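Please read the structure below before turning to the comments.
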Amino acid sequence: MTAETSRPLLSVEHLSIEFGNRRVVNDLSFALHSGKTLCIAGESGSGKSLTSLAIMGLLPKIARVPSGTLLFEGRDLLALPERQMQQLRGKEIGMIFQEPMTSLNPLMMVGQQLEETVRRHEPVSRRQARQRAKEMLDAVRVPHVDKRLVQYPHELSGGMRQRVMIAMAMVCRPRVLIADEPTTALDVTIQAQILELMRELQREFDTTLLMITHDMGVVAEMADEVVVMNQGVMEEHAPVRDLFNAPQAAYTQKLLAAVPVLGTAPKPESRAAQPVVLEVTDLTVRFPLRSGWFEEARNVHAVENVSFSLRQGETLGIVGESGCGKSTTGKALMSMLAYDGSVKLLGRELNGLKGEALKPVRQDIQMIFQDPYASLNPRKTILDLVGEPLLIHGQTDFSQRKARVAQLLEQVGLPGEAMERYPHMFSGGQRQRICIARALALNPKVIIADESVSALDVSVQAQVLDLLERLQEEYQLSYVFISHDMAVVERICHRVAVMFCGQIVEIGQRDQVLGNPQHPYTRRLLSAVPMPDVDHRRDFKALLKEIETPDPIKPRGYEASVQNYRAVDLDHLVAV
Amino acid sequence: MLAFMTRRVLYSLLILLGVTLITYLLLFMLPADPARQIAGRSATPEVVENIRHQLGLDLPFYQQYFNYLMGLLHGDLGRSFIQRSEVSELIGSRLAPSLQLMGMGILFELIIGIGLGIIAALKRDSFADRLLMAFSFIGVSSPQFIAAMLFLYFFAVKLDWFPMGGYGEFRHILLPALTLGLLGSGWYSRMVRSSMIEVLHQDFIRTARAKGLSRVRVVFRHVLPNAIVPVIPMIGIDIGIFMGGLVVVESVFGWPGIGQLAWQAIQQVDIPVIVGVTTVSAVAIVLGNLLADLVIPLVDPRIDVKKH
């Protein structure tokens with residue numbers, strides 16, 4: 001008996017959702033089969049999350065459902081009164097969310113939050129509820145369970161919190177588990193751990209999984225069936241193999257083409273003959289911890305003896321997981337915080353420069369940030385925003401400035417009229433183009449891009465990456481490209497540095513580092529990347545074992561031992 | 001913890017020093033002459049001068065203030081000009097009624113304020129919400145002496161629900177405490193409302209609902225504790241505002257507390273009593289804030305006293 005002929009556990013039929021007059025989900029139908037995984041894939045605004053909220057009966061108040069049925073075991077969830085939905089939620093259908101950092105009540109202990117779910121749905125004693133909570137935390141492999149039960153969420157890491165979320169959703173053994181972007185906010189190795197856990201739990205408890213994700217790699221790793229959504233409409237519904245091997249809908253084809261796949265990017269031209277523009281030697285950043293009267297003074301060792309050089313027209317990728325010091329390195333290069341060591345830009349030492357002395361430096365080195373929504377002042381027009389660096393650097397003539405802004409906007413693919421408008425009138429991708437235009441305004445030699453495409457949908461991401469490459473070609477720009485996404489790094493970088501706990505553990509030509517990784521951490525990182533390759537699903541079991549990370553907080557005066565490197569190949573260094 | 005307490009006590013002493021200095025300075029600059037007030041209208045200039053000398057009012061300002069501080073260090077708040085008894089005794093005998101009224105008033109204030117705030121937040125933008133917010137606006141902005149007199153007139157004189165005044169039985173405290181509570185609850189209902197609305201949009205509330213919890217449990221176990229955290233320091237600050245309200249309400253209702261004492265002292269330019277009451281009030285405010293700072297970590301585990 002195939003999945004298609006068995007009676008589905010949950011079927012969504014002709015579901016539509018409206019916000020006012022706007023239809024955000026239109027005539028959506030699919031079915032969940034027992035024990036299987038269905039992924040809803042799509043970019044932002046596709047209506048995939050709203051669909052899952054509709055199943056849970058958790059749609060925001062302003063949403064209306066003009067048509068459709070949600071059949072779960074013969075009952076229409078849309079017609080069920082709130083009280084009966086409450087009995088279903090958490091008991092028959094569990095759900096986990098994207099943001100583990102904010103999805104747990106900060107004022108309740110982990111144990112209390114788990115027990116609360118059990119006691120709501122089952123007539124058990126407090127002691128039994130606690131026992132159930134413990135068993136479930138064990139099942140999601142949370143170490144030191146007894147200690148965790150009495151901890152508050154803020155005492156746990158993001159990965160641990162997401163495990164607690166999963167345990168909480170699974171504690172009553174629901175038939176269906178809905179996971180809305182469960183790994184999007186997590187580091188790649190943590191993501192692999194969570195995906196592996198969900199596979200294990202599904203096997204153990206025979207749970208039916210409905211997974212919402214934008215990441216085609218995750219889809220390929222997890223799904224049995226896939227629904228591709230775009231702008232509230234289902235573009236394609238197919239078994240995962242068919243979808244990846246022979247996508248039918250034009251949108252799916254476009255989406256898959258835009259996904260950067262690790263190991264497929266063409267080899268970049270070497271820049272080894274170009275002059276060095278940025279030379280970083282022994283860059284060290286420490287943050288003093290505020291201490292009390294009777295406490296020992298301590299430092300957070302954020303960046304430790306980082307050295308690299310960047311050539312003209314070259315892109316150096318800095319990869320690593322959150323807290324590894326990659327963004328701090330970027331800020332130090334921008335002279336936005338105090339550091340030790342040397343940063344030489346075009347032969348000029350930057351360390352020690354302050355105030356006015358930094359002003360000419362800023363013409364040569366600029367930055368593009370991660371969040372295009374937060375990095376543009378909403379009260380200024382695009383003309384003001386892109387023209388501001390010009391104004392600061394002495395371009396006071398209004399008509400000249402205006403002409404330059406128009407030229408810059410054109411370079412990043414936006415019409416000149418855009419300069420009259422405000423940031424909220426643009427999409428995320430367009431805003432990032434505006435940020436790029438602003439960074440370009442002073443004709444810099446080096447641009448630091450800190451996770452600059454991470455917040456964008458894949459198709460938009462591909463366009464922005466193309467733009468960055470084109471600008472590099474035209475103006476011989478050098479990029480320091482800070483990212484957690486290995487596939488994107490491979491796509492755009494000439495050289496790659498891998499950071500771990502404030503240090504570079506491996507650095508070299510792109511293909512040396514990504515193709516022939518030597519350091520165990522680089523290998524771990526690469527093995528965690530989900531691949532959009534349905535025929536070779538990756539086994540993340542090895543990643544469930546945590547590796548030891550040194551405590552970055554050290555007493556003041558502590559000197560880190562000097563990091564030695566071994567040359568694997570010409571230009572390819574590995575920490576020993 | 002020890003470091004925290006030491007620092008807080010030091011800060012508190014500085015605040016008290018500042019409060020007494022400013023009070024003294026203001027009273028010194030007052031055009032009214034306490035010596036003439038005591039001597040009476042028909043007294044000769046010699047008599048007035050004599051009284052002034054006896055009370056030490058002819059000393060320069062810094063000398064008077066220094067004497068006061070010295071007394072304060074020995075627990076001596078001075079002697080009343082008018083009532084011929086120690087200020088500490090006057091205040092001591094009236095502290096208990098004031099504390100009762102204040103405790104009861106704050107209780108009413110919190111019950112009414114938080115209760116209305118919850119209702120308004122849950123029924124956001126409804127007619128009930130608008131009505132409650134209009135009510136709280138009136139409460140916040142109406143002058144206490146008018147409100148107190150109106151309450152007295154309607155609820156005691158016209159409706160005869162409460163006694164006109166007096167002290168000693170439980171029923172006596174109700175109307176003055178309600179007056180204080182109703183007027184102060186406006187702040188709380190507004191704060192609780194906006195704080196609740198903010199928390200209602202948090203991810204963990206969605207999680208709580210996804211767990212299948214009942215609406216009541218979501219509101220009282222998940223929303224309210226989180227919404228109440230920013231309100232706690234407000235209670236500490238509120239004790240100061242309450243002190244001002246006490247002066248008015250105690251006078252209107254004839255409540256024998258330090259508010260009434262202060263009211264009489266101000267009319268008679270009885271400087272030692274005014275300064276004494278001000279000092280005691282300042283101590284109360286400082287203690288109230290300290291208490292609030294100590295309570296917050298009990299509610300919110302993320303806030304650690306040691307780190308402040």
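Here, residue 1 is simply the first one shown, and the rest follow in order.
Cβ coordinates come from backbone N, Cα and C, glycine included.
Automatic prediction, not curation, is the source of TrEMBL annotations.
The feature domain 'ABC transmembrane type-1' is assigned by TrEMBL to B:95-296.
For the transmembrane segment (B:9-30), the residues of the chain that approach it from at least six positions outside its boundaries are 61, 64-65, 68-69, 72, 269, 271, 274-275, 278-279, 282-283, 286, 290, judged by C-beta separation under 8 angstroms. The transmembrane segment feature in TrEMBL is assigned to B:9-30 (among others).
Feature annotation from TrEMBL assigns transmembrane segment to B:101-122 (among others). Counting same-chain residues at least six beyond the ends of the transmembrane segment (B:101-122), those with a Cβ under 8 angstroms from any Cβ of the stretch are 128-129, 132-133, 135-136, 173, 176-178, 180-182, 184-197, 200, 219, 224, 227-228, 231, 235, 238-239, 242, 245-246, 249-250, 255, 257.
The feature transmembrane segment is assigned by TrEMBL to B:134-155 (among others).
Annotation source TrEMBL lists transmembrane segment at B:170-188 (among others).
Annotation source TrEMBL lists transmembrane segment at B:227-253 (among others). Sequence-remote contacts of a segment are chain residues at least 6 beyond its ends whose Cβ falls under 8 Å from one of its Cβ atoms, and for the transmembrane segment (B:227-253) they are 98, 101-102, 105-106, 109-110, 114, 121, 144-145, 148-149, 152, 165, 175-176, 179-180, 183-184, 187-188, 191-192, 195-196, 198-199, 259-260, 262-263, 281, 284-285, 288-293, 295-296, 299-300.
Same-chain residues lying 6+ beyond the ends of the transmembrane segment (B:273-299) with a Cβ under 8 Å from its Cβ atoms: 8, 12, 15-16, 19-20, 23-24, 27, 68, 72, 77-78, 80-83, 87-88, 90-91, 95, 225, 228-229, 232-233, 235-240, 243, 258, 261-262, 264-266, 305. Per TrEMBL, transmembrane segment is recorded for B:273-299 (among others).
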